[in-house]
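As written in TrEMBL, here are the features:
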- 1-31: region 'Disordered' (REGION)
- 19-29: compositional bias 'Basic and acidic residues' (COMPBIAS)
- 76-96: transmembrane segment (TRANSMEM)
- 79-509: domain 'Major facilitator superfamily (MFS) profile' (DOMAIN)
- 116-139: transmembrane segment (TRANSMEM)
- 146-164: transmembrane segment (TRANSMEM)
- 176-196: transmembrane segment (TRANSMEM)
- 208-227: transmembrane segment (TRANSMEM)
- 233-255: transmembrane segment (TRANSMEM)
- 322-345: transmembrane segment (TRANSMEM)
- 360-380: transmembrane segment (TRANSMEM)
- 392-411: transmembrane segment (TRANSMEM)
- 417-434: transmembrane segment (TRANSMEM)
- 455-475: transmembrane segment (TRANSMEM)
- 487-506: transmembrane segment (TRANSMEM)
Amino acid sequence: MAGNRDKMGMETIQAAATEDNKQSKDRGNDQVNALERIEGMTLEDFEEQLKNVSSLEDEILTEEERMHPWKQTPRLFILVAFAALGAFIVGVDISLVSGAEIQFMYKFNIANKTNLLGLTTSATTLGALVGSIIAIVLNDKIGRRGTLLIAGVWSVGSALWEALAPSWAMLLVGRLMLGISMGMISSTVPILLAEAVPTAIRGAIASLYQQLVATGIFIGYIMDAIFINVPTIGWRLMLGTTLVPGAIETVGIFFQPESPRWLIKKGKHEHAVEVLKRLRISREHALRDYVIIRKACEEESRMTADKNMYLELVRVPSLRRALFVGVLLMLFQQYCGMNVFMYYVDYMFKTMIHVSSKKAVLASMVAGFANAVFTIPVYWTIDKYGRRSLQLWTFPVMCAMQILALFSYYGSKWVNFALFIIAIFFFIAAYSPANGPVPWVYNAEIFPLYVRSEGMAITTFTNYMFNFVVSFSWPDMLKSMKAQGGYGFYAAAIAWGWVMLFFFMPETKGYTLEQMRLVFEHSLGEIAKYHWNCGVNNVKRMLGMKNVSESIPSPYDKAANLKEHGIEEEI
């Protein structure tokens, strides 16, 4: 009976979603037809036409856009390419240090100074904390394009500084500087892509960011392998690799247009229309998107008037709960230990398993390859299986692989070597399509539009903070707990993360922003109780038990009955 009730609830949600989509498309077609009659109008005439167009939504698509979503202008794809190159640079910067550190730690005599080694490796994440804050200010003052220009120049200068560093202190400064550029890039590129790309392909392009980070990580390991045998200056060439893509991105972004949304928010409406004309396949599409963006900006201004949005995230209970779950996801993304593998894989092979530098770097390419390949499935798994399910299915695999890594330090050298590679490979195979992208996608879905940028800013900041703690503490953890204790710690953290996400992480698949707000109107205790009840019932069904517990009220019920409450999308 409980199972039937759950099934009926899901059918109600799907029926409501189908009806919403149908009505949205009907309204969308009427509004698109209205906009298509404005050919030849001046912008002033068009402003007058806006008065007759109401409640425009962000999901209005013409039949052509639904059938041929990738039919876009070359100018749009050029903008996407140069913006996304920033994600590639971030990925390269993440992995380059893995090969470089097994050389510069001897050059600067810090091999046995675990705190200095940890600080050098993790300095980019500390710099990224600062960079993400700087990006908030720059994105508002000079726009997305301007922020990426500064970040690109900063990245080139930082890479050159690292490559020429004459001492450990100067290398540390270079690493901090590079981190600032990484923070600015990673905070700005997703915003620019989301604001410049049409709705029809926005989701796929958003996933492209994570894919290019993974690809950049793989290329970084390849660069390490190329330069590892270069005597004396090999590590300098590794760290200087970022110069090339950084210079290309800086020059390319200079010739790209600004975000139309930023232009509209700054009152530069004519410029915004011209940009949209260059980025859309027709004048009608450009003007329609101008209307959508402008209406959204006006509504956002109304919602945020005389309010501190950061305080709203704490004051409003539903937002506070969403923020808690968002930070929780970022916490366990870092405390699964992924960046221990990414930053220190070469160091672990060389110092703990005692293989040569060349073999260590070549083996690390397995990690980079796995990360690049297994990120690809996210394009269909994240919407097919849902965010919550992906996390709950993959956490046990990551936990098991951390335990396998723990046991890879017992036995002969080559058995250890083989077990460690297997552990890394399957850990990353589980991480890449789930715990890698899911926290970022999830956080973009749980905050209402009027407070999304602030919510994302906080969760991004906490992500870098946890990243710094994990990467900085690993050398000291090795010294005090040995590798076995370190991997055991992260196995336990993953197990605890599974428990926390099982209880407190609602599913977002198939829900609008307004529906998610209604879900988070329930207390965390109610959400946890519902998930526990569902879990118990599922286990009983698997065991063939007939005394399945009576289902309790679902936190998703309000979302399913959104229309019955007379609540309209307010964002």
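Using the three backbone atoms N, Cα and C, a Cβ is placed for every residue, glycine included.
TrEMBL: automatically predicted annotations, no manual curation.
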Using a cut-off of under 8 Å between C-beta atoms, tell me which stretch among 116-139, 233-255, 392-411, 455-475 contacts the transmembrane segment (417-434) the most.
392-411
Are the transmembrane segment (233-255) and the transmembrane segment (322-345) close enough that 3 or more Cβ pairs fall under 8 Å, when only pairs 6 or more apart in sequence count?
no
So, taking each listed stretch (76-96, 176-196, 233-255, 360-380, 487-506) in turn and counting its Cβ pairs to the transmembrane segment (146-164) that are under 8 angstroms, which one gives the highest count?
233-255
